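> After the structure tokens below, expect a handful of questions from me.
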């Protein structure tokens, strides 16, 4: 998992938050799978409302134009983005996200990568950490508003109970060109090396390696 800063500017976050005041929210369990529904306590914006759909497009465009996100994730298909709201007492217990869902335009989507874009500053709420659980230990995140946490969809995770304030976020899922997380990580490392390469020869070798790996591993 990786934290990406400045997905959204301060002004964009403020605009989204102000617009969400005019959007209807409903019980978040309606979009959860059978197992996750038992541990999910939050509210979600009605994605069918035009204002919510316009805000989702704004967030998606910001992710697509971020200098790191496309190289890290390599999106092929997107889910519909959802805005979530947690108030005092809300939580989302340990769960994994669904392996597949219907994406944009009703197309089937294999969920390889998940992301949460935070719309509340950590000083505006208590608790509400995005926590990942694995054999290697636990990792918790409460990043600045406008930042995103990006992670492989199959990872066990939770949102810890909110004990005060309001936690707003935008969540979504992506089918990647590269199905496996370890292969995506290797390609991202090579992209970073190519970006920092100082000689033409090194850049050409990295171009060749990245291109060949994409041909070897890529699938739509």
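Cβ from N, Cα, C; glycine included.
Source: prediction; values computed, not measured.
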> If TrEMBL gives 95, 97 as binding Fe cation, which of 139, 157 does it give for that site as well?
157
> Are there residues of the same chain, six or more positions away from residue 167 (2-oxoglutarate binding site), whose CB falls under 8 angstroms from its CB, and which are they?
85, 86, 87, 90, 120, 124, 125, 128, 159
> Other residues near the Fe cation site, CB within 8 A of the CB centroid of 95, 97, 157?
36, 92, 94, 96, 114, 153, 155, 156, 158
> Give me the DSSP three-state residue breakdown of the domain 'Fe2OG dioxygenase' (77-176), ordered helix, strand, coil.
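With helix first, then strand, then coil, the domain 'Fe2OG dioxygenase' (77-176) has 6 helix, 60 strand, 34 coil.
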